[in-house]
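All remarks here apply to the structure that follows.
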Amino acid sequence: MSAPKKTYSSTTSAKSKHSVRVAQTTADAALEAVYEMSGDSGDSFDYSKSVGQSAESVPAGAVTAYLQRMQRGGLIQTFGCMVAVEEPNFCVIAYSENASEFLDLMPQAVPSMGEMDVLGIGTDIRTLFTPSSGAALEKAAATQDISLLNPITVHCRRSGKPLYAIAHRIDIGIVIDFEAVKMNDVSVSAAGALQSHKLAAKAITRLQALPGGDIGLLCDTVVEEVRELTGYDRVMAYKFHEDEHGEVVAEIRRMDLEPYLGLHYPATDIPQASRFLFMKNRVRVIADCCASPVKLIQDPDIKQPVSLAGSTLRAPHGCHAQYMGNMGSIASLVMAVIINDNEEDSRGAIQRGRKLWGLVVCHHTSPRTVPFPLRSACEFLMQVFGMQLNMEVELAAQLREKHILRTQTLLCDMLLRDAPIGIVSQTPNIMDLVKCDGAALYYGKRFWLLGTTPTENQIKDIAEWLLEYHKDSTGLSTDSLADANYPGAHLLGDAVCGMAAAKITAKDFLFWFRSHTAKEVKWGGAKHDPAEKDDGRKMHPRSSFKAFLEVVKRRSLPWEDVEMDAIHSLQLILRGSFQDIDDSDTKTMIHARLNDLKLHGMDELSVVANEMVRLIETATAPILAVDSTGMINGWNAKIAHVTGLPVSEAMGRSLVKDLVLDESVVVVERLLYLASQGEEEQNVEIKLKTFGTQTEKEAVILIVNACSSRDVSDSVVGVCFVGQDVTGQKMFMDKFTRIQGDYKTIVKNPHPLIPPIFGGDEYGYCFEWNPAMEALTGWKHDEVVGKLLVGEIFGMEMMCCRLKSQDSMTKFMISLNNAMDGTNTDKFSFSFCNREGKFVEALLSTNKRTNADGVITGVFCFLQIASSELQQALTVQRATEKVAIAKLKELAYIRQEIKNPLCGITFTRQLLEDTDLSDDQKQFLDTSAVCEQQLQKVLNDMDLESIEDGYLELDTAEFEMGTVMDAVISQGMTTSREKGLQIIRETPREISTMRLFGDQIRLQQVLSDFLINAIRFTPSSEGWVKIKVVPTRKRLGGNVHVMHLEFRVSHPGGGLPDELVLEMYDRAKGMTQEGLGLNMCRKLVRLMNGDVQYVRENAQCYFVVYVELPMAQRDDAASQM
């Protein structure tokens, strides 16, 4: 046997991928050189043969020259003209030969010298257009990313001819491509991407409405939508595989055209240089491949040809134009599809980047162009497609890993009964672990073969070859045994090309085998008739397919990372477990150990299941579940509280027929159907009916996530809904909308009740940036207004507020477009970097902006965030998390035991309410009722982190301040009487009837806690504790008023211990129970836009609580915005 030269593994590490791309670039350069030589010599260019020979070495200089020609060819297409200018003076440094004619500078008759416009090196391009057009070019050049304003509509100075100016920056200035505006073009009234993106709104809506889990359907849909948008004869989705070759995975075409669906193409068909250009300029249009290109004239002082990498007019290479002509395609439009790419670097760390997944390719049998705004809309559609595709790719990977894990579990279970023979002799077996054509176990000099494999002697020979030439390795994976230099590869034929081998003992192996790639190819078009004599030497899709088959005839599909991980995991389980086939003691020990692990795992599963049930029952989020027939079989305490329907009455009722409002029936039925198919919807709004004490509310509004419930056989047996109660917020927003006054006065008000708000006009320019946004971002109103929301303010690079990822920007753009189309987006995750470089985590809601006639004129954006102080305190609070968890079980028991007698108290009170009572007795019962509600709310506070982090959803409802004061004082009466103290109540008369909007129960909770702490630390001899309320009415603007309330709880004596006060302010090292209560109350007050102070004076101490709440009554009728 000869020593191996090199092993080609199917690994997809970053280093390996880079090596493959470098090698492919060399092959591209070699193929191009052969093509150029054939043209010079007059010989014919044999494409199929040249592809096979392109792997030969090429000088580095030749590769560099090839890459330069691809980007700096000096030729453009005829459907426009190009001018390159210097910054900032706009002096011309290069232009196309057709520019003077295209810009209407060629005289129709002999003009006077004063009327002549001349285009030449050094000309100020602005002088060739109208003054407003020149100003538009200047404005675009002043932006950081000039391409965001494309297309810029300009008019020639002499003729008034309208043109699209499409600009981008290069190393020496600005390149401007000019295209004609045709009368039948879709109207775009202003510069900028947002206007163009509206053209793709319907297509984007359809893509987003597709069910998940079907990449084929997603690809089919996108080609249909692109064809409807552009009108090309053929539209294809073209996917790049791991080995860089391509495949048509979706196609829609004119019926008389030959189908290409299913065809595979060699990697050289789309050169690496072209792929690089697609990453930079994501839309490529060729109007007429038969047209003669136009040359560029440039300043002789420029050292190298002007870069056309980003130009929309860059002429096609002669090789590509010939390919198009041979296939009968005269015009094309190609769009890049880019997704996330997670690669491991040399240290094993994950590097998150972007990669070219493939292309969407449009062909037309006659010359054709689509206007730039429509091309821009298609580019945005590709961003959305890429984002959807990325989710599908990740989901498919997760499902594949899940399948592998399930198979591994079954194989491990087989080891308990018959190791290691069970993994090849039973079902499932090792062939089910990864995709393969055959597998084998070589163990103790015996063979177990499955599927298509080499013979026993050949497997023995492979094992000996591995032991001799790869003795230091635990295995080998390759897509070509021939390229891995296995001497007997030629004897295996096409049936066995690829192999993955795993060493399980010093001399024993597991093998997986794959046949050649051509076997896997699914030919979707008409199969080639051997009687038809195609000229394989011509460049054509069929000859490309022939070349592809030639390239891969000795190769299998590559082994994916996830497959190799699965093989390696099984190898680790087996290696060392069976050193000798007769070592029965070892086998017995392993069996016992695996059985113990299995039993231990079952115990842990039981514990986890019980804990999950407890968490669901006690969760502060409303949770309900139904069985496969739609009947309620889960109804936790929170949803029982918000709906007023007890658990006992909810169980067994129909969700759709009995509990859902009519307007939500269709939505819920769709959720149930999709979940029964395993498709889990998220963030869906549903409305439930109310019962009992909650009937005063029209409905309970929940934002729910649906989760499919499965049995041990993975069958869907029900659906669980985890919700967020947004009823109070919706009611408050509705009422606040009705009572809001002058818009400017409210939005511009620095009051803490006003959230961060920004807005964009119909062209995407920022017109609003309120004080709260200034404080949040660090960017002032005057610094951002007039800039583009996407690209200049929010973007990926040197923008005011840098976003986390490209997907984040795409989602932001989708939400803006949806709002402009009349569809609001509610609370999606939105993270950006502020001026100080700190990331802000927020929830973004977008709403349409309309004028008096109801016409949409822009978009309003609202952010919800936690306060900066709470964010800073987050780290400190999380340090106590472990201690809190330890106490959680104890608290859960106490909470549960309190609920039963509380239900008895509530029942007794309800009985008394039905009797004849005096006014005083009715007031006593009202006070008792709100105290019960406060106790119930405290019992449901299982997740203190939501309070600590500032994300707790406060209830918002109308309430009477007098009821709050009665409840607060009643809670302090027992303790005060025991200590012989008198509670003095000092409140203005209007407090008893004052009606406000807010969370009544939380307000009385914090006030009662401060009052009881004051009583607790007042000496009995002093004799009193006083609570005083000072209301101050404030006008926000227009007719909107808030009530500023100052509560002062004062008491004589030395006051609270210093340590307890420090705990309230998060400044203590530890936390007592009393301190935790005060700390939570202070955070609740801050959630109400207030604060708490504890003041010590000579004779007394006091809590001062400041709160501001909207008033529920106004002096006059509300005016509309």
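For all residues, glycine too, the Cβ spot is worked out from N, Cα and C.
Per Swiss-Prot, the features are:
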{"type": "DOMAIN", "residues": "214-393", "note": "domain 'GAF'"}
{"type": "BINDING", "residues": "Cys319", "note": "phytochromobilin binding site"}
{"type": "DOMAIN", "residues": "608-679", "note": "domain 'PAS 1'"}
{"type": "DOMAIN", "residues": "742-813", "note": "domain 'PAS 2'"}
{"type": "DOMAIN", "residues": "893-1113", "note": "domain 'Histidine kinase'"}
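Relative to the domain 'GAF' (214-393), the listed stretch 742-813 leads the set 608-679, 742-813, 893-1113 in CB pairs under 8 A. In the three-state DSSP classification, Cys319 (phytochromobilin binding site) falls within a helix. Mapped onto DSSP classes, the domain 'PAS 1' (608-679) shows 42 helix, 12 strand, 18 coil. On the 0 to 100 pLDDT scale, the model's mean across the domain 'GAF' (214-393) is 85.
Sorting the domain 'PAS 2' (742-813) by DSSP state (H, G, I as helix; E, B as strand; all else coil) yields 24 helix, 17 strand, 31 coil.
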